[in-house]
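Visitor: If you look up TrEMBL, you'll see 127-422 marked as domain 'NADH:quinone oxidoreductase/Mrp antiporter transmembrane'. Residues annotated as transmembrane segment in TrEMBL: 12-30, 37-57, 77-96, 108-124, 130-150, 162-183, 203-223, 235-263, 275-295, 302-323, 369-389, 409-430 (among others).
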Amino acid sequence: MNCLFLCFVEFSLAIYISLAVIFSVIFASFRSYSFPSLLSIITSSSIFVFILLIFQLVDISDSSFVLLNGLSLYSPFNIFFQTLLFVFGSFILFLNRSYYSTRLLFQYEFDIIVIFSFLALSALCLSNDFLSVYVILELQSLAFYILAGFWKSSEYCNESGLRYFVIGAFSSCLLLLAFSFIYLTLGSTSFDIISTINSESFIRLHLSFFGLCLFLIALFFKLGASPSHFWVCDVYEGALINITAFFSIIPKAIIFCLLIKFVSLAFLSHGPVSSILMTISGMLSVFISSVAALYQKKTKRLLAYSAIGHVGFILLALSYGSFDSIKSVLIYIVIYMATSLGIFSILVGFSSYGFLFKYLVTWSFTKKWNIVISLSLAILLFSAAGIPPLAGFYSKFNILLLLVSEERIVLALLLVVLSCISCFFYIRLIKILFFNLFVNNIFLNRVCSKGFELPLVISTFFTIFFLIKPESLNNLFSYVTLLFIF
């Protein structure tokens, strides 16, 4: 199959970004055109392009193709994550459009940078070589640094961007060092070479082992997994709420796609070590999330610790590298993305109230403004906590069953205890929603931003009705996992 056709998604995005830049510079920078605001036009056209790319990806065959001398691999597994990227990316752009009208942000560069990051994430899905992974991760990070500190008039936003830049630079150094050790010992940067590591040379084996460990640690930084989680809360709190939603939902799924491909090969040579590292990081993430979130008083910091806990669950499932492990990870990722999309949709919708919803105690206002939104938020929080019969329960229950089937009974019991503790901070917010009194009604006349309803309705219905007939999605995840393994 033609390489140009297989890279249609990336070429299309690159051409679209170039045309958007040219169009914006011509029409938004000259007095003769009255300096029109092009942000809404670019956002709408970007959503349309994403929908076209989704249909294009669905029509691609189940075969696998190696591209660019092994730098990229076009496979059904990678296509699944690309489709996931553009489906949820369309909703993120939809939320961006809602947010702009509220905060009066008219810089056309904003959405162009967001689309640029989607181009990098799409290419990262196809990466099959450490060299391409490093270059594309740096391309993605370049966009993320700008987005984290985009609101220049906010000191918190500037601090968020600077902190993200420093942490990102450190993790990039770890990645570069890891790839150097791998190339030094194996003479290649291809993913496929990982499975050929043997113990013929003691020094070669341990240097390659050190490089693989550094690579895992660098990815833990990118995911915000413990003990590399300390930057997540500050970056989430300082960034704009729509950027926080983007950071929380989209990049994690693509990094896990990369991690799944790496782990499936690393288990053939360094299985026990990879499993131990991910188990330790996963349990630490769940523990820190469950305990630290109990003391949080701000909404964004609470959601940041919640995200750390969910990353811990996924790492625990991924630490076994089996068929059931990968399938459980895919289920958890999709349910986590859907639940987070609904929660952040409400936050974006209420962004017109400014500081009002910065603290948890002020959420009692929502039941007076809109009881339907309060009920939707309660359902999504129950799902995130893992309360049956919602979708979040199914994802966590799968991981607990996986631990029991692998005879990790103690680990499963610890996870149950920590999950019960984490339920407290979710239920505390639900208690604030419905039972706390809010006496100051000064903001009742403010208008809630429009456009957040569609993502909220879709995510809420998915959360509620997932367990009515989970077989179809379960079969889809089994099919994708089978294509990946075989």
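We count from 1, first residue shown onward.
Positions of Cβ are set from backbone N, Cα and C atoms, glycine also.
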Visitor: Hey, would you say the transmembrane segment (235-263) packs against the transmembrane segment (108-124), going by three or more CB pairs under 8 A that are 6+ residues apart?
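Guide: Yes; at least 3 Cβ pairs under 8 Å.
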Visitor: Taking residues 6+ outside the transmembrane segment (275-295), which of them lie with a CB under 8 Å of any CB in it?
Guide: 213, 216-217, 220, 225-227, 229, 263, 267, 302, 305-306, 308-309, 311-316, 318-321, 411, 414-415, 418-419, 421-422, 424-425
Visitor: Please give the sequence-distant neighbours of the transmembrane segment (369-389): residues at least 6 beyond its ends with Cβ less than 8 Å from one of its Cβ atoms.
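Guide: Distant contacts of the transmembrane segment (369-389): 306, 310, 335, 339-340, 342-343, 346, 349, 395-397, 419, 422-423, 426-427, 429-430, 433-434, 444, 448, 456, 459-460, 463-464, 467.
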Visitor: What residues elsewhere in the chain lie close to the transmembrane segment (108-124), defined as a C-beta under 8 angstroms and at least 6 residues from its ends?
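Guide: That would be 9-10, 13-14, 16-17, 20-21, 24, 28, 37-39, 42-43, 46, 50, 72, 82, 85-86, 89, 92-93, 96, 100, 132-133, 136-137, 139-140, 143-144, 146-147, 150, 246, 250-251, 254, 257-258.
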Visitor: Cβ under 8 Å, sequence separation of at least 6 from the ends of the transmembrane segment (12-30): give me the contacting residues as numbers and ranges.
Guide: 36-38, 42, 45-46, 49, 52-53, 108-109, 111-112, 115-116, 118-119, 122
